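Engineer: Dropping the structure in here first, questions after.
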Amino acid sequence: MALQLNGVAVVTGAGSGIGKAVALAYAAEGARGVVIADLNLEAALQTARESESIATSPTYRALPVAVDVTDEKSVDRMVTAAVQAFDRIDYSVNSAGIGVKHHKPVYKAEVSEMNAFWQVNVLGTLNCIKSVTKVMKSQSVSTLNKQGKSRQVGRGVILNVGSCNSYIATPDIVPYTTTKHAVMGLTKSAALDLAPHEIRVNAICPGWVNTPMVTAAINGNPDLPEMMRTIIPMSRIAEPEEIADVVLFMTSPRSSYVTGVGWVVDGGTTLQVQTC
């Protein structure tokens, strides 16, 4: 089933992990352009080079950009660069974030750590939504041609990276769980506000994924691998490419009537716990 992803994507956090997998997947699926944004420009450049080697569109172009999502002006510069290079933004994937490095109960939680999580995971996502929305609102509506029929599929799609912790709580990771819950609230609110403008907003909510972020979490808690094997019904963590597959579907015309939802991709982990 072709996803018909021949537009332009902006992916933050694209220097590693899920963001990198998503950027590469867009290139392989036929996107004509991908803005590969990361705080680490060298990492973004490396992803860009890799994407060029697997791109399937004959006119594909990768645009590596340094961005600090906590800085509104930096985000605006990224979006301006995207428009100057490609004229529009069809898919915006907000993957930049920080994960768990230290496990502490709530009575030992540090305000400084909470602020750091909030700045990146929540305000960083908000900054990207605000800036990209200004572009999407003014661009033309895309059309899907299928089986001899055509239908309008909107002006653009925004996909935020949440977590299965957007729905559940895990002991000793208060800042992470709190901010990932907030990402889901932001996603739902933005979906309501932007639906009249024909812009969809959703979230993907992974469990543990084989990324540097999870490696850092394991370094902070050596018991984590055994716990993962015990509580994940599929008995393994996800690969970044498995998350990217869902991201591509959720931003494609094939999901054109889906907005305001979080798609949990966790190998069945949350099936065994009560969600909110």
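Glycine residues also receive a Cβ, built from the backbone N, Cα and C atoms like all the rest.
Not my notes, these are from Swiss-Prot:
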- Ile18, Asp68, Lys130, Tyr176, Lys180, Val209, Thr211: NADP(+) binding site (BINDING)
- Tyr176: active site, proton acceptor (ACT_SITE)
- Tyr176: active site, proton donor (ACT_SITE)
- Lys180: active site, lowers pKa of active site Tyr (ACT_SITE)
Engineer: Could you work out which of the binding-site residues (Lys130, Lys180) has its C-beta surrounded by the smallest number of other C-beta atoms within 10 A?
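Structural biologist: Among the binding-site residues Lys130, Lys180, the lowest count of other Cβ atoms within 10 Å belongs to Lys130.
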Engineer: Can you check which residue among the binding-site residues Ile18, Asp68, Tyr176, Val209, Thr211 has the largest number of Cβ atoms within 10 Å of its own?
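Structural biologist: Most Cβ neighbours within 10 Å: Ile18.
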